[in-house]
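Trainee: Below is one structure. I have some questions about it.
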Amino acid sequence: MAEPLLSEFQHQPQTSNCTGAVAVHEERNPDRPPGAEERVPEEDSRWQSRASPKSGGSPGHGGEGSLEPQPSPLKTQVCPESSCPEAGEKGQNGDDLSAGGAPPQQRQVGKKKHRRRPSKKKRLWKPYYTLTWEEKKKFDEKQSLRASRIRAEMFAKGQPVAPYNTTQFLMDDHDQEEPDLKTGLYPKRAAAKSDDTSDEDFMEEAGEEDGGSDGMGGDGSEFLQRDFSETYERYHAESLQNMSKQELIKEYLELEKCLSRMEDENNRLRLESQRLDGDDARVRELELELDRLRAENLQLLTENELHRQQERAPLSNFGD
């Protein structure tokens with residue numbers, strides 16, 4: 001009963017569930033054709049079948065006691081590891097892992113996977129809004145050089161190049177020289193004032209020394225006035241651009257009326273100023289006349305005093 005079982009297993013190829021056993025089996029017999037059976041050495045007792053006679057048995061031809069080398073029966077090796085692929089399992093590329101096509105990660109079991117570690121050199125990174133003006137300027141210059149280099153490389157390769165977007169105009173606006181509004185050296189006030197100086201003159205001089213009511217000097221007031229004029233002109237131009245034709249005509253007529261009204265007011269003020277100038281001339285003449293009369297009165301008083309002294313002199317001589 002043992003011969004039919006042995007003959008049935010002799011013609012079946014050796015199979016294995018572990019890919020490592022298949023690889024070792026192929027390395028031992030690289031030149032063996034795929035259909036050929038492997039001869040088992042006689043001295044190896046592990047490959048003898050259970051039906052073969054033990055030591056001391058009688059030889060026979062094809063029987064149980066024959067000493068002829070028999071081909072090895074079917075041996076199935078079970079892989080103890082759970083990572084070995086089962087029969088019919090396929091990899092990522094569709095390869096049959098059970099037929100020896102194991103991925104290199106499973107073949108190299110002892111090699112560890114390389115893990116990239118962070119650099120020991122710490123990168124001093126700070127948010128852009130926390131940088132100072134000098135640090136922002138250096139950062140923008142570095143980014144500008146890098147962008148110029150990349151744009152040059154893209155232009156050399158024939159790729160379309162867009163203009164570099166930068167914030168340098170903000171730095172230029174910040175670096176503009178602005179007038180010093182608070183650190184001016186103002187002249188000191190006089191320690192003593194004359195008695196004939198009025199309070200109004202004193203307040204005017206104090207306002208001029210302090211640079212006006214806002215506490216700024218002449219440069220600061222000019223800067224504010226120029227800034228206001230530029231802002232008003234820009235706003236007025238934008239408002240005119242947004243107006244329609246009818247609105248522009250209406251605005252023009254209103255401006256003409258305002259101009260004529262201002263001209264009439266100017267003429268009236270000019271006439272009043274001329275009349276006031278005439279009155280001032282009359283007042284000036286009267287003041288000169290008053291000064292002349294005062295001088296004459298003083299002269300008459302001195303002459304009268306001299307006459308009185310002359311009259312008293314003869315009376316004193318007569319009494320002696």
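Each residue, glycine too, has its Cβ placed from N, Cα and C.
Given the structure is predicted, the values throughout are model-derived calculations rather than measurements.
So Swiss-Prot says this about it:
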COILED    244-310  coiled coil
COMPBIAS  9-19  compositional bias 'Polar residues'
COMPBIAS  24-47  compositional bias 'Basic and acidic residues'
COMPBIAS  197-212  compositional bias 'Acidic residues'
MOD_RES   Thr197  phosphothreonine
REGION    1-124  region 'Disordered'
REGION    111-138  region 'Basic region'
REGION    163-166  region 'Interaction with P-TEFb'
REGION    171-211  region 'Autoinhibitory acidic region'
REGION    174-223  region 'Disordered'
REGION    247-275  region 'Mediates interaction with CCNT1'
REGION    271-316  region 'Required for inhibition of ESR1-dependent transcription'
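Tell me about the setting of these features in this model.
Mentor: For the region 'Basic region' (111-138), the DSSP counts in helix, strand and coil order read 9 helix, 0 strand, 19 coil.
Each residue in the region 'Mediates interaction with CCNT1' (247-275) has a pLDDT score, and their mean in this model is 90.
According to DSSP, the secondary structure content of the region 'Required for inhibition of ESR1-dependent transcription' (271-316) in residues is 46 helix, 0 strand, 0 coil.
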